[in-house]
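Single-structure report; data block below.
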Amino acid sequence: MASCLKSPSNEDDSVILFSTSDSPEESTSPSSSFHHSPPPSLRTAYKLSIKNLSYTLHPHNTTPFPFCQLTKKPKPVNILKSVSFVARSSEIVAVVGPSGTGKSTLLRIIAGRVKDKDFDIVSISINDQPMTSPAQLRKICGFVAQEDNLLPLLTVKETLLFSAKFRLKEMTPKDREVRVECLMQELGLFHVADTFVGDKENRGISGGERKRVSIGVDMIHNPPILLLDEPTSGLDSTSALHVIELLSSMVKAKQRTVVLSIHQPSYRILHHISKFLILSHGSVVHNGSLESLEETICRLGFQIPMQLNALEFSMEIISRLEDSSFKCETTTIDEKEPLPNPMWPEEENGGIQLKCRKGSFGSFCYLSLLEIFFLCSRFWKIIYRTKQLFLARTMQALVGGFGLGSVYIKIRKDEGGVAERLGLFAFSLSFLLSSTVEALPIYLQERCVLMKESSRGAYRISSYMIANTFVFLPFLFVVSILFAVPVYWLVGLNPSLAAFTFFTFVVWLIVLMASSLVLFLSAVSPDFISGNSLICTVLGAFFLFSGYFIPKEIIPKYWLFMYYVSLYRYPLDALLTNEYWNVRHECFSQQHATEGSQCLMTGFDVLKSRGLEHDNRWMNVGIMLGFFVFYRLLCWIILARKASKTTI
């Protein structure tokens, strides 16, 4: 078991550990990551020291009228107050306490899941070397959040394998495969390797197995310090015990340091925990073993009931423990034990020796292409397995295409046919732009996983956006063909092959624009209800100011900008130009008289009535491509900003 997480190529753990960046900013270039190279014999000794760590939350003023002098400014809330403890290799430290005592906040600060301005550089040190930034902690510490943010349509093996591909890019595919198989064996997941992870809607593995998969995702790069936020929450007693037993065996085999928060552990779980840190109102009331806790309780004059253990009883007398902690200092850091091996070899001047790994531009491009390739592969698996999306988009295109074709079948070439063609194009635009709304819940589900993985440096947000574009381009092109073919030939539009090709191309661009808009709005929206309402509102406004209902000339000046940013206007103009430009000299309405027939409306007259006196089809295509790229760039900026601030 001790060799399970060891690199098959005998690569040093620290090389793997520091080869991945845990923030979007640091992963922009290979030269931005530092390569620390301790000797192999010194790599397993890690001591995490927390000294007088405090954290104060400054809530924002949520009143609707902040300028009103009658409203009081929210008072700062002291979450943590001078917390001190030490966690060493080969031991599990459990952070215990009632709800709201700051357990999760403490773990997130240690894991570097706070903003730089909230980080105290003198409170956290590893091997007596102060950590200067949250990014430095994110490189060293693995963090397992309380929520299992996993993709439900991937199997257990695929989930761990993709995590290995993202975090261990420099390893060979065979070595990554061995690493994943060994990790599944150690976590007891080998029997469900080919089972979907699942969620509330898709049946998959059990809750305990999901928690072990989450642990495996953050253990894949073999971090020396592992932090877990309530890993037993929501599990039955047997599953909870299994999780703790696995952590205990890993700690002993790999000499790792584990700090976890836990809520009401069972009696059997207590034997696997080395030290307990009990918090009350953000302060430490006990720091030590279970035996020392029993002695403290007896010293206070209490007798532990037979049906309770010392930890459970301490929760009942937590106020007395808190009072006694002020009289007797119980939270001092014991420094009598010998200092573990230093984390990095020190130079003669006492500084830390940092070797900056200067990667070439070619290697940077290669790693970026690997990220995009791995993400494309994962995207395709999810799309293929999301039967609702796959079938819904296909059926929408076919039913919409044949339905519209049957309604507008063989439109006549007269004045009435001109109005019918305009209505067909307008309704087709509305149908195509609104048909992408069903992808919103999928984007929202992926966003949680994206925030988690990108904040840990698994890949860049830009790689995610590029991969998303590459995968959806052919998929949406097929959807466009399925819609365009029946509509075009059943209705009897311009019979030119070039006109049909351009029509299909415009339909594809319409769907791509809609997909980019939904992706952007999913990045902005907090949930599905808000996102769905926002999409409907935006599309409705675009349709209103497209020029179909209200001509440009009578749109109020203060709303005129909506005419130019409407996603409906440019494809509508392109479709009309494509239909009538080649037949602009043909007559579509004639007046028969005794002296002969007179043409009342030509194709050019139809275009002129819409202000399309010139062939601007390709300019409209360029604008549509611009919208497609623009909304994806906005989405990238928003997601990158959120990833840099996430605490997942």
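Using the three backbone atoms N, Cα and C, a Cβ is placed for every residue, glycine included.
Per TrEMBL, region 'Disordered' is recorded for 1-40.
The compositional bias 'Low complexity' annotation in TrEMBL covers 18-36.
Annotation comment: TrEMBL describes 65-306 as domain 'ABC transporter'.
The feature transmembrane segment is assigned by TrEMBL to 361-380 (among others). Sequence-distant contacts of the transmembrane segment (361-380) (same chain, six or more residues past either end, CB-CB distance under 8 Å): 29-30, 151, 154, 158, 162, 165-166, 169, 459-460, 463-464, 466-468, 470-472.
The transmembrane segment annotation in TrEMBL covers 392-411 (among others). Long-range neighbours of the transmembrane segment (392-411) within the same chain, counting only residues 6 or more positions beyond its ends whose Cβ lies under 8 Å from a Cβ of the stretch, are 417, 420-421, 424, 427-428, 431-432, 435, 438, 475, 479-480, 482-487, 489-493.
Counting same-chain residues at least six beyond the ends of the transmembrane segment (423-444), those with a Cβ under 8 angstroms from any Cβ of the stretch are 382, 386, 388-389, 392-393, 396-397, 400, 404, 408, 411, 483, 487, 491, 507, 510-511, 513-515, 517-519, 521-523, 525, 527-528, 531-532, 535-536, 539, 542-543, 546, 548, 567-568, 571-572, 575-576, 579. The feature transmembrane segment is assigned by TrEMBL to 423-444 (among others).
Summarising the annotation, TrEMBL assigns transmembrane segment to 465-491 (among others).
The transmembrane segment annotation in TrEMBL covers 497-521 (among others). Within the chain, the transmembrane segment (497-521) has long-range Cβ neighbours (under 8 A, six or more residues past its boundaries) at 428-429, 432-437, 439-440, 443, 468, 472-473, 476-477, 479-481, 483-485, 488-489, 531, 534-535, 538-539, 567, 571, 574-575, 578-579, 582, 617, 621, 624-625, 627-632, 634-635, 638.
Feature annotation from TrEMBL assigns transmembrane segment to 528-550 (among others).
Non-local neighbours of the transmembrane segment (618-639) in the same chain are 447, 450-451, 454, 461-462, 464-465, 469, 505-506, 509-510, 512-513, 516-517, 519-520, 522-524, 567, 570-571, 573-574, 577; each lies 6+ residues outside the stretch with a CB under 8 Å from one of its CB atoms. Feature annotation from TrEMBL assigns transmembrane segment to 618-639 (among others).
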